[in-house]
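**Q** Encoded as structure tokens, here's the structure I'll be asking about.
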Amino acid sequence: MSTADLRLRWAIALLLAAAGAAAEDTCDRNEFRCRDGKCIASKWVCDGSPECPDGSDESSETCMSVTCQSKEFSCGGRVSRCIPNSWRCDGQTDCENGSDEQGCAPKTCSQDEFRCQDGKCISQKFVCDQDQDCVDGSDEAHCQAATCGPAHFRCNSSACIPSLWACDGDDDCEDGSDEWPQNCGGRDTAAAWSSSPCSSLEFHCGSSECIHRSWVCDGSADCKDKSDEEHCVTATCRPDEFQCADGTCIHGSRQCDREYDCKDMSDELGCINVTQCDGPNKFKCHSGECIALDKVCDSMRDCRDWSDEPIKDCRTNECLDNNGGCSHVCKDLKIGYECLCPNGFQLVDQHRCEDIDECQEPDTCDQLCVNLEGSYKCECRAGFHMDPHTRVCKAVGSVAYLLFTNRHEVRKMTLDRSEYTSLIPNLKNVVALDTEVANNRIYWSDLSQGKIYSALMDQAPTLSYDTIISGDLQAPDGLAVDWIHGNIYWTDSVPGSVSVADTKGIRRRTLFQEKGSRPRDIVVDPVHGFMYWTDWGTPAKIKKGGLNGVDIYSLVTEDIQWPNGITLDIPSGRLYWVDSKLHSISSIDVNGGNRKTILEDEKQLAHPFSLAIYEDKVFWTDVINEAIFSANRLTGSDVNLVAENLLSPEDIVLFHNITQPRGVNWCERTALPNGGCQYLCLPAPQINPHSPKFTCACPDGMLLAKDMRSCLTEVAPVLTTQGTSTIRPEITAGAEGLPKHKEDQSASSTSRQPALSTVESVTMSHQVQGDRRNEERPQGVGVLSITLPIALVILLVFGAILLWRNWRLRNINSINFDNPVYQKTTEDELHICRSQDGYSYPSVSMPFCGREEAASKLKDRS
């Protein structure tokens, strides 16, 4: 090989090496190159959190060159960051320098709104209503005595209510004066109302609620009026006993013994349990003593076994030999050594440091968590943007509103209270609430009316309400809307049921009903096909099941007493609920794991009723405090008062498009409308990739046909009638628009069941079971009329056979022959039958003998 060839090859090798080195120093197009050469994602540059080890991704030189997009606002300043334009002048500071809330024009209130002194707008109806709705109280200043119209009743507190609400057995005035006997013609309307839906195992509060009887006189008020703690005899404990917070007594030695002996766990509160030799300045001898660390290796025996003075280990630095075998940091001790790890790493096998996956903790980040070597990174889902100031994922899009019930109305309020109005006024006793954001529609249930209503949000103040469900409702305490498939779900605590209907109320079905259960609130996840509801029956629980009513089971059964409101944070996949007895807010993932108590407070959670989740906040209503509070949904900190001076606030929902993500309605993706279902098409739970997308359902009392789409009702059979005609069981279709299905008929006459129309199907579905019960008695009579004659005939035949056999035995002579050789009686019997002419010999059949041989043998024997 020539010298020129060698030089050429060396040049090519050098070029390839240089290209490889350059490639290593070059980051991808969507990456940012730190000063030390490390590559990070470009979206992490100037986001307020340094990802480069040298911090170059957050330096002022780097961030000053960032250009915001047209839909973004530049915070400016030393570090220019970008935020969505919708966050500009929204009442919340998002830029570190506050520039997004500077130079904002004062909010302009509409004609039907009142402007508070702090610039916030509230509904004109809230002015001089004896409730302070402005934070500064300016809406109740300079008010004159209220004058009620002719169609209104004036409460003793001067408030006005519709006359129809007076003397109806339900307190509508805050002081209850609308039900006083002197205002109701001397009638005691409370007596008529005393027949409450409380069971024998429940206590009826003076404020009309039902609570467990075991909660009476337990030291904690559970009724709104605290009537469950009136006239209680307080237990007195002996001097050597400890009194629990609920009044019970335990032996004094059981306090602070690291075991819960009180039901309320108060015996372990405030205990300080110190373990010997804990702390870096303590040394535990092998013989059990505990000495100060400075006495180790001081050439003095302080331990009985001299374990504090090992000659070999004292003054020996093991870290000098191969770093002590430690992968990162080796720390020499007076006796021995220990391996240490930097932040973001944990020690495994006593020597090696391993990266900590912080993302395994469910609440490490607000939404998404990206694990990095020795660290982690928080990100936001689509539709959210990271707030550079608070590091919280904030929703991008329309303005978020809180909608909540206030007994006689539904109110609407922005999170910063800049807008506060009455959305649906003049209601009787609204309890449950939910919305359909895409259609701008609101749904609510009225406990006094026993109905479920609906209205468009922009038309809600008018009287154009749609009645969705108007029959067979007793206590519809919970309501949830499936915004993907167009269905509503509700609970009824009196029959203990969970039901579903389409949003027009035409088709309806009971999915769950159990004796002793008290379903309260319900939430749905139509994206994955599940529903969850609280049940404060005995025992209390949280249940989970498919939206089609299948695979229902208890998700939470421990440390739960009075679960009330429940909500679902779909982005994080976690359930949140309030417990009115435990005064707590808790969360758990949708599979029942990673449970966490977020907040526990008897004052701010005196009687929580419902809750809602939005961004990093949890909002809840409290009927005793008559207020709405908020707190951080991850830590329970930063508790704030959102609204106060309310009248029995119960349900609360958050209205924003991000709370109801889009999904696929598989019932409309098939060639046949409504998924080919004759009645209801309900989404199926997506338990695994092979799960069906939906299943068909029928009204109560009807069954699916073999095609699993049509609905059938079975007519009670009447097998015999007068004459020769027979009537066979018939199965007919139970809804309009599809052909009837019948069993094969061979009878000369049949009875028909009228087909259900789509309008009448709901009513019919609830009558079918009653009709069946009414038919049980005639059906039993028909069965008896068939079986008794058959039994008599069988007895007669059996008796005749016995009589014939008895007569036959009396008229037959049997002769046995003894064999003299074997001394054995033969088994052959000769029957000589008596006839009119004397005796006759029947033909004899003998084994292995023909007829002639048998005849000859008979002659020989004779």
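Placed from the backbone N, Cα and C atoms, the Cβ positions cover glycine too.
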**Q** According to the record in Swiss-Prot, which candidate from C39, C46, C82 pairs with C63 in a disulphide?
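**A** That would be C46, the partner Swiss-Prot lists for C63.
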**Q** In Swiss-Prot's disulfide listing, C116 is paired with one of C95, C104, C128, C134. Which one?
**A** C134
**Q** Considering the candidates C341, C353, C369, which is the cysteine that Swiss-Prot reports in a disulfide bond with C359?
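**A** According to Swiss-Prot, the disulfide partner of C359 among C341, C353, C369 is C369.
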**Q** Pick out which of C365, C393 Swiss-Prot lists as the disulfide partner of C380.
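**A** So the cysteine paired with C380 in Swiss-Prot is C393.
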**Q** From the disulfide entries in Swiss-Prot, identify which of C121, C128, C160 pairs with C143.
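**A** Between C143 and one of C121, C128, C160, Swiss-Prot records a disulfide, namely with C128.
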**Q** Counting each residue once, how many in the domain 'LDL-receptor class A 6' (235-273) are helix, strand and coil under DSSP?
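**A** Helix/strand/coil tally for the domain 'LDL-receptor class A 6' (235-273): 6 helix, 6 strand, 27 coil.
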**Q** I'd like to know the mean pLDDT over the domain 'LDL-receptor class A 6' (235-273).
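**A** Value for the domain 'LDL-receptor class A 6' (235-273), mean pLDDT as a whole number: 86.
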**Q** I need the most crowded of these disulfide-bonded residues: C63, C109, C128, C210, C711. Count other C-beta atoms within 10 angstroms of each C-beta and give me the top one.
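**A** Checking each of C63, C109, C128, C210, C711, the winner is C711.
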**Q** So what's near the domain 'EGF-like 1' (315-354) in sequence-distant terms, Cβ-Cβ under 8 Å and 6+ beyond its ends?
**A** 293, 296-297, 308, 373-376
**Q** C143 (disulfide bond) has how many other Cβ neighbours within 10 Å of its own Cβ?
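**A** Excluding its own Cβ, C143 (disulfide bond) sees 12 Cβ atoms within 10 Å.
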**Q** Nearest to C121 (disulfide bond) by Cα, among C46, C160, C210 (disulfide-bonded residues)?
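**A** Looking at Cα distances from C121 (disulfide bond), the smallest one goes to C160.
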**Q** On a C-alpha basis, identify the one among C46, C95, C277 that is nearest to C143 (disulfide bond); the candidates are the disulfide-bonded residues.
**A** C95
